[in-house]
Amino acid sequence: MLVIENFSTLKEDKSLILEEAFKKNRNLEKIAEKVLNLEPLDFDSALRLYKGGDLFFLGELANKVKEKIHGKNYYYTINRHINYTNICAIDCKFCGYHKRPGEEGGYTLKIDEILEKLKATPGLREVHIVGGLNPKLPYEYYIELVRRIRSTFPEIHIRAYTCVEIDWLSRISGKSVEEVLKELKSAGLNSIPGGGAEVFSERIRAELYPTKISSERWIEIAKTAHKLGIPTNATLLFGHIETDEEIIEHLFKLREIQENTKGFYCFIPLAFIPENNKLSYLPGPSAEKILKTIAISRIILNNFPHIKAYWVFLGIGLSQVALLWGADHFHGTVIEEKISEAMRGEPVIKLPPYEIEKLIREIGGEPVLV
Ligand code: V47
Ligand code: SF4
């Protein structure tokens, strides 16, 4: 992909695609200059760029921002997902993974089973733990799980329990969020995954996940974690009923929090999977929408260290392309992931480290194992 040094080099470039992109996006020149200087955009400019910017133009800008932050480096890890239970007291309409308490097909993994899965993973560097809100699971299970993983694998990174689960732990234990986080940290927790943020819009929450914690609560928990020195990730679930304005609002909110706490590590734009859930009548986002959303995320969140291309939800091909549209993190080997498996009806294929490295090299990048 060609890199825009400034708009005059772009105009001189003979690539037809870029010439066309430049013609179409001439009215966005001033905004694009700010982007390339890593200056924060105002809301209206960001929205104009997202709505009106051509796919390739946005890709060029986002790639340039990515290169200013990371050069040619692209990151990945050797990890394993543990979805410890699919039983959930909440009933988000977009989720095809969970089972209601008592419903057939519900499962909960024993701590020993989880340890066996982890032991069977050569070179494991990170474990990613997320599950439903299972009323039968006691508070001690959550702490014990982290403690036993830490004592068995002293070196690995334990990323566990979204802000939604942390809120649940606080409720079932009667402890404050701060106390819960401190206990988890002393048991061995390193960081918190980004799930559960969905879209910070009350309109969408009321329609799709009315019993889930509010965006204020999600943000309060993320900020508390940051205060305690626990980095967190953040997500956006897009491509369903949200508007472009709501996407930009979500990104601006995250940007503002990061300005204050510097505690976010990675942003993961999650493309809505329409199969096997209550929103299956929706088509799901197009590849163009997905790439533009990844690009605008890199542009607005230029104070976030990383933007992740989550290949399990996006597919391997589109994730590779996303690495040229502003994403710098390919997540990891994953091995097993029950959320997309439940919706798509097929197991996640393991992506070995050498294949991830090949995908990165194929787009001219330098793989970095973290
Ligand atoms: O919170 C549920 C989402 C999330 C659907 O932190 C759906 O590094 C799309 O957060 N279509 C869990 N998304 C996954 C997650 C995650 C994944 C990878 C890396 C990280 C990280 C975090 O999955 C849930 C929810 O927002 N989800 N159903 C669906 N139909
Ligand atoms: Fe439960 Fe999470 Fe699924 Fe919502 S997205 S129903 S909280 S498992």
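Along the chain as shown, residues are numbered 1 onward.
In case you wondered, yes, glycine gets a Cβ from its N, Cα and C as well.
Sequence annotations record features per position, and here TrEMBL assigns [4Fe-4S] cluster binding site to Cys88, Cys92, Cys95. The feature S-adenosyl-L-methionine binding site is assigned by TrEMBL to Phe94, Glu198. The domain 'Radical SAM core' annotation in TrEMBL covers 74-305.
Structure with TrEMBL features highlighted.
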residue: Cys88; record: [4Fe-4S] cluster binding site; CB count, 10 Å: 22
residue: Cys92; record: [4Fe-4S] cluster binding site; CB count, 10 Å: 23
residue: Phe94; record: S-adenosyl-L-methionine binding site; CB count, 10 Å: 23
residue: Cys95; record: [4Fe-4S] cluster binding site; CB count, 10 Å: 23
residue: Glu198; record: S-adenosyl-L-methionine binding site; CB count, 10 Å: 24
TODO: Can you tell me which of Cys88, Cys92, Cys95, our binding-site residues, come within under 6 Å of ligand 1 at the Cβ?
DONE: Cys95
Task: Pairwise Cα distance for Phe94 (S-adenosyl-L-methionine binding site)/Cys88 ([4Fe-4S] cluster binding site) [Å, integer] - done: 13
Open item on the list: Does any of Cys88, Cys92, Phe94 have a Cβ within less than 6 Å of an atom of ligand 2? These are the binding-site residues; tell me which, or none.
Closed with: Cys88, Cys92
Open item on the list: Please report the Cα separation of Cys95 ([4Fe-4S] cluster binding site) and Glu198 (S-adenosyl-L-methionine binding site) in Å, rounded to an integer.
Closed with: 11
Task: Glu198 (S-adenosyl-L-methionine binding site) and Cys92 ([4Fe-4S] cluster binding site), distance between Cα atoms, whole Å - done: 10
TODO: Taking the recorded [4Fe-4S] cluster site as Cys88, Cys92, Cys95, identify the other residues of that chain whose CB atom sits within 8 Å of the mean position of the site's CB atoms, giving them in sequence order.
DONE: Ile90, Asp91, Phe94, Tyr97, His98, Gly132, Tyr209
TODO: Determine the mean pLDDT over the domain 'Radical SAM core' (74-305), rounding to the nearest whole number.
DONE: 97
